[in-house]
Amino acid sequence: MKQQLDNLVQTPIPTKHGDFILHYYSNNIDDKEHIALVKGDVAGKNNVPVRIHSECFTGDVLGSRRCDCGEQLDLAMQIINVAGFGILIYLRQEGRGIGLLNKLRAYNLQDQGMDTVDANIELGHLADEREYSIAGLILENLQVTSVELITNNPKKIAALEKLGVTVAKRIPVEAVAHNDNIDYLKTKAKKMAHLLFQPKNKK
Ligand SMILES: [Zn+2]
């Protein structure tokens, strides 16, 4: 079956980071509501700042300090606003793809001393089950020629390039480290190759 999606609705959403157009997609891959927040004119453009953000209910909505998701979401919208154009793709793959229930169970395992990677594995999952084919289709739908990806995750860049997306550059998005997220950030850097805690001149 050919993977496809439909851009069903576009509607303006004013935010604290300026005005965006929200694009609502349906697709034949899963039954989730994936979204793109678009600023400015992106069709046919090169070097479009793009954040591909995977849903994190606790971080994005509740402002949980266990992870850096909420802060990254905010920073990404800020970066896009300053650039004057760009796209935030909001993918509904909670908890690095394992879902909210398992993410919350993993939190309890982490409180017993496991790190975020080992906790997922203990629950019978992979460390990261995220998948980006819908993001690739959304970028195709928005007719973006090449992107500057707002991420700390080199695997995300590789996954997108595999889908045929041209990633011209990486834009770092580093949340502030503090007591509640420092172990999580260190595990991301050490076990998942995220580019965090890099010397400033090496970005
Ligand atoms: Zn999170």
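Note that Cβ sites are derived from N, Cα and C of the backbone, with glycine treated the same way.
What TrEMBL says about a protein is an automatic prediction, not a curated fact.
Note that the structure is a prediction, hence the values are computed from the model and not measured.
With R51, I52, H53, S54, E55, E94, G95, R96, T116, T151, K156 listed by TrEMBL as binding GTP, the candidate from Q10, Q72, Q198 annotated for that site turns out to be Q72. Recorded residues E94 (GTP binding site) and C56 (Zn(2+) binding site) have their alpha carbons 5 Å apart, per Cα-Cα distance. The 6 Å Cβ screen around ligand 1 retains C67 from the recorded positions C67, R130, T151, ordered by sequence position. The two recorded residues D128 (active site, proton acceptor) and C69 (Zn(2+) binding site) have their Cα atoms spaced 15 Å from each other.
In the three-state DSSP scheme, R51 (GTP binding site) falls into the strand class.
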